[in-house]
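In what follows, a single structure is set out as structure tokens and then discussed.
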4 protein chains.
Amino acid sequence: MQLGVIGLGRMGRIVVDRLLAADHDVVAFDIDDEAVDEAANAGARPADSITDLAAKLDSADGKHVWLMVPAGDAVDAALEELEPSLSADDVVVDGGNSYFEDSVRRAESCPAAYLDCGTSGGPAGAELGFSLMIGGPADAYQRLTPAFDAVATGPDGHERMGPAGSGHYVKMIHNGVEYALMQAYGEGFELLHEGRYDLDLENVASVWNNGAVIRSWLLELCEEAFREEGNDLGDVADRVEGGSTGTWTVQEGLEQEVPLPLIYTALGERFGSRADDGRFSRRLASRLRYGFGRHTVPRRE
Amino acid sequence: MQLGVIGLGRMGRIVVDRLLAADHDVVAFDIDDEAVDEAANAGARPADSITDLAAKLDSADGKHVWLMVPAGDAVDAALEELEPSLSADDVVVDGGNSYFEDSVRRAESCPAAYLDCGTSGGPAGAELGFSLMIGGPADAYQRLTPAFDAVATGPDGHERMGPAGSGHYVKMIHNGVEYALMQAYGEGFELLHEGRYDLDLENVASVWNNGAVIRSWLLELCEEAFREEGNDLGDVADRVEGGSTGTWTVQEGLEQEVPLPLIYTALGERFGSRADDGRFSRRLASRLRYGFGRHTVPRRE
Amino acid sequence: MQLGVIGLGRMGRIVVDRLLAADHDVVAFDIDDEAVDEAANAGARPADSITDLAAKLDSADGKHVWLMVPAGDAVDAALEELEPSLSADDVVVDGGNSYFEDSVRRAESCPAAYLDCGTSGGPAGAELGFSLMIGGPADAYQRLTPAFDAVATGPDGHERMGPAGSGHYVKMIHNGVEYALMQAYGEGFELLHEGRYDLDLENVASVWNNGAVIRSWLLELCEEAFREEGNDLGDVADRVEGGSTGTWTVQEGLEQEVPLPLIYTALGERFGSRADDGRFSRRLASRLRYGFGRHTVPRRE
Amino acid sequence: MQLGVIGLGRMGRIVVDRLLAADHDVVAFDIDDEAVDEAANAGARPADSITDLAAKLDSADGKHVWLMVPAGDAVDAALEELEPSLSADDVVVDGGNSYFEDSVRRAESCPAAYLDCGTSGGPAGAELGFSLMIGGPADAYQRLTPAFDAVATGPDGHERMGPAGSGHYVKMIHNGVEYALMQAYGEGFELLHEGRYDLDLENVASVWNNGAVIRSWLLELCEEAFREEGNDLGDVADRVEGGSTGTWTVQEGLEQEVPLPLIYTALGERFGSRADDGRFSRRLASRLRYGFGRHTVPRRE
């Protein structure tokens, strides 16, 4: 089928490539001309604007446009430019990490059918395909099935979750769980690293990945990390970036009154790792030990 | 090769079957005669006591005995009966969930070479093979490689971690991580279940298992749980049993001064789920709200 | 000085009584006529509407109105009725638990000077006076000092924190800390209660309140709770109500990327105590133990 | 009454001074001669060995000895030297931070009655007196009441908790709660410090200490800390020392299956503050973000 893809960054480009590999007809646009050229070399038809992209899509059966731009203003900007070319027969897919309430709002105002599509799998999805969690009208989801089959790991790698917003909602929570899983493995390996035995952590991860209860893709990535960085993780800094989807997950937990202590703790570890001047809370606790017990207070040099 | 297997419960029986399937010669004993008969029907040579089992093993190249009995006194009892028949040429494997310090102690006093072997994979290991984390002398580990190949998922499914105790040490921490992973998935699915959308949780788990970052064997088991119990988990009670290996992991974290907040929280959720009279801490907090603010105190009926 | 007090519930009535006790001239209004009558009996001048209250205040030096109504719509409703009577010379105090961003908004649109005033101390403040954390213009704060002296514990019991919103901001965080303190004492007494010794918890609290590092007013309330409810807290249920200010505190922590694990955990315990059908996360964890280990799953009867 | 005091460090010296101030007859010993001289100058009778101290105590009504030495081996060493001089009529008080199981063991082997006495209040107790939590035989506790009255804040500042070990047990849990309270205040002040308003934290603490629900002695120490160190806590380092009593509390929670998430988290913050090479868990999490998403990994310089 025919699809326009807007946004040709790392993830957008994989979408293009997987659609092309499945013999779909792709029109590609990005604000970076070079990215458009590269997509054209790979077999996509280039567009020099969003309007041009829309014009190059056949309207007979409805146009299909896949957005793969950063969450936030970039999505609204692309939609603003795209919407004059859209009608009720068309389908827009937002494959980025948008906040689910933004997706609900966009679905309401978009002249076309709007599918919010949580995308997981990262660059490794280039070969394996992605996991796609999709929200929005069932018939639009149905119509794009051939495209989803191509971009996902296959027919099992995409699923309609429910109405507008539900795709990004499920992806948001996926990411919250992801934070906690990473921190859980981190705790285990920290204890193995600091503990009583001199262990080869790559070996530990490897033997766990072969038949142990906690085997997973993230654990395969742990194995890779120790292989590539060394048993002490070399010069990898104690600083974890990111946090927006985890923050949204915790906020939704507050809204729903569902306690998420592991996800919250994992998110807090990220925040804590970025406290460049030290944690004020602990500095106060240290000073209080002097206050009640005249314990020596360690001072900064 | 020739092996005696002591303990023919669910896990021990799988060890026997996988050894037999790889054409090893197995002598089997259990305090339950019926279990011995069943192992004999499967092709093992039956023994009617531990002494008998030892006698039926050929001493020429050293005897090999695999213990698969519950952690604790049962291991010491079996060893006490077994040790008179052992010499320095023999090898004993403890495949249960023993505390690693017990394994260090047993390795020191055992007349034979002693391998502590953490075993993960559960009943599913019958088909797939287990993940085996092994501690003890390298030559003994080497000698038993054909047996480990058979019981594990294959040559990649077992690994020598280090000296005595290190196998059970790594298994202990594996289990600590396992508690946290289970609770992390639990938090995600609780929020999905209580949240804004009416979601099919089996579908969510399924689409995540196809290409998403958090895919794992435990997530496949979540999928199975929703399929078998229903989207609301039916009559599964809010009561999580078990906890010894998680407790040991937390204790070791205290010893090593490594914070394990996710593992601790997951363990605490188990404890909390078993507080049949309610949590005293929360009852006091509720009463304090009356103390300072005259807020109504909910009372038991 | 002269003050109008709107809202004569438990807290508003204490404000009236303390103002009267300090010989201030109080005009009192509440939507409940009976509450107005009672305040009149105590010495206040009754008003039968907010407009009437405003009319009964002398405008010469500017009118002073103290709102003590529930946070949220009730504040906006009172202000809507009050504002036609206000001018730039007047001062409005919001002594309730308003969200600080609402206070910033109200301060911007209010024709009078607007002071947001966090009030802590609960009904015990009737005798002792309150702790007042005040945000808004310094001159308005200055002007109302005689009233604040009367309502607070004295001159040390009130303080201007900063510009609009800062009073309710500091009160919000006060309450977040309060949740954590209550849970911290709760943990200690739970362990004492479940632990090795048969202890008289009122005695423990009493001896701690006499000279121990953790002595506090909340600990005095623990002592009172054990005295009044008994060592087992009688029929106090495991259900902790409330949570809005704690939720706001956690949300602000997310916004500022400040981890608040103790406050979050204390809030989560409240949520958890209200999960009448059990915690889904733990039910799933229990079922997963069957999935990988064939452990028995406790079922609901 | 007559008492021997062994151990004249900061706390032991306060015990001596308070006993002297109440006109008790004190024989004082320390391994540091200078400390003995100073106690003698203050009015105590000096002893040059533990044996000498025992000899200087009148045996008619039984000897009374108060140990105030560091927990652990020092207590056993002192007792070893002291016990030949003791009989069943005598009473020994251990006022240090001993582990409660050690106290149970010592009480069993000590020829005299043995009272384990948890002591809280720190150097401030010099003026105010301490809070004393006492375990052991009721008659011995009764007999030493005059001494306890003097050392504690008064008759309300000491209490018999129960049999041997219960005094140190209650003190252990007191300290666990203390860790959590300090961290709870720390969280609140961290958020105030990092948050939206430019606040004077000493003022905040002061106004809270005057009538607010969370007022406490620790909060008075917060106020003092901001006054003495400044609003940014000056050069106080992010490093919290100590941890043994908190660790024991958590271990006892594991034993009793009582979850103590706040106390555990507070303890973990101490451990984390001492991880000089960064937290391995977070370093791994950061690297995993590259693994699945090709996110940039911050590196150490």
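Glycine too: its Cβ is placed from the backbone N, Cα and C atoms.
Quantities reported herein were computed from a predicted structural model and do not represent experimental measurements.
A:ALA71 (NAD(+) binding site) falls outside any helix or strand according to DSSP and counts as coil. The NAD(+) binding site annotation in TrEMBL covers A:GLY7, A:LEU8, A:GLY9, A:ARG10, A:MET11, A:GLY12, A:VAL69, A:PRO70, A:ALA71, A:ASN97.
A sphere of 10 angstroms centred on the C-beta of A:GLY121 (substrate binding site) encloses 27 other C-beta atoms. The substrate binding site feature in TrEMBL is assigned to A:ASN97, A:SER120, A:GLY121, A:GLY122, A:HIS174, A:ASN175, A:TYR179, A:ARG270.
The domain '6-phosphogluconate dehydrogenase C-terminal' annotation in TrEMBL covers A:167-301. Across the domain '6-phosphogluconate dehydrogenase C-terminal' (A:167-301), DSSP helix (H, G, I), strand (E, B) and coil residues number 90 helix, 3 strand, 42 coil.
Annotation source TrEMBL lists active site, proton acceptor at A:LYS171. Same-chain residues at least 6 positions away in sequence with a Cβ under 8 Å from that of A:LYS171 (active site, proton acceptor) are, in sequence order, A:ASN97, A:GLY118, A:THR119, A:SER120, A:MET133, A:THR245.
Cβ neighbour count for A:GLU178 (active site, proton donor): 27 (other Cβ atoms within 10 Å of its Cβ, all protein chains included). The active site, proton donor annotation in TrEMBL covers A:GLU178.
Rounded to a whole number, the C-alpha distance linking A:GLY7 (NAD(+) binding site) with A:GLU178 (active site, proton donor) is 25 angstrom. Recorded residues A:ALA71 (NAD(+) binding site) and A:ASN175 (substrate binding site) have their alpha carbons 15 Å apart, per Cα-Cα distance. For the binding site of substrate, formed by A:ASN97, A:SER120, A:GLY121, A:GLY122, A:HIS174, A:ASN175, A:TYR179, A:ARG270 according to the record, the largest Cα to Cα distance is 21 Å, rounded to a whole number. Around A:ASN97 (substrate binding site), a 10 Å sphere centred on its CB holds 20 further CB atoms from the protein chains shown. Nearest to A:GLY122 (substrate binding site) in space, judged by Cα atoms and limited to the recorded positions A:GLY9, A:MET11, A:VAL69, A:GLU178, is A:MET11.
DSSP assigns A:GLY9 (NAD(+) binding site) to coil in the three-state reduction, outside any helix or strand. Of A:MET11, A:VAL69, A:GLY122, listed as binding-site residues, those near chain D by the criterion of a Cβ under 8 Å from one of its Cβ atoms are A:GLY122. If you take the Cα of A:MET11 (NAD(+) binding site) and the Cα of A:ASN175 (substrate binding site), they are about 17 angstrom apart, rounded to a whole number.
Between the C-alpha atoms of A:TYR179 (substrate binding site) and A:VAL69 (NAD(+) binding site), the distance comes to 23 Å. If you take the C-beta of A:HIS174 (substrate binding site) and look for same-chain residues 6 or more apart in sequence within under 8 angstroms, you find A:GLY118, A:SER120, A:MET133.
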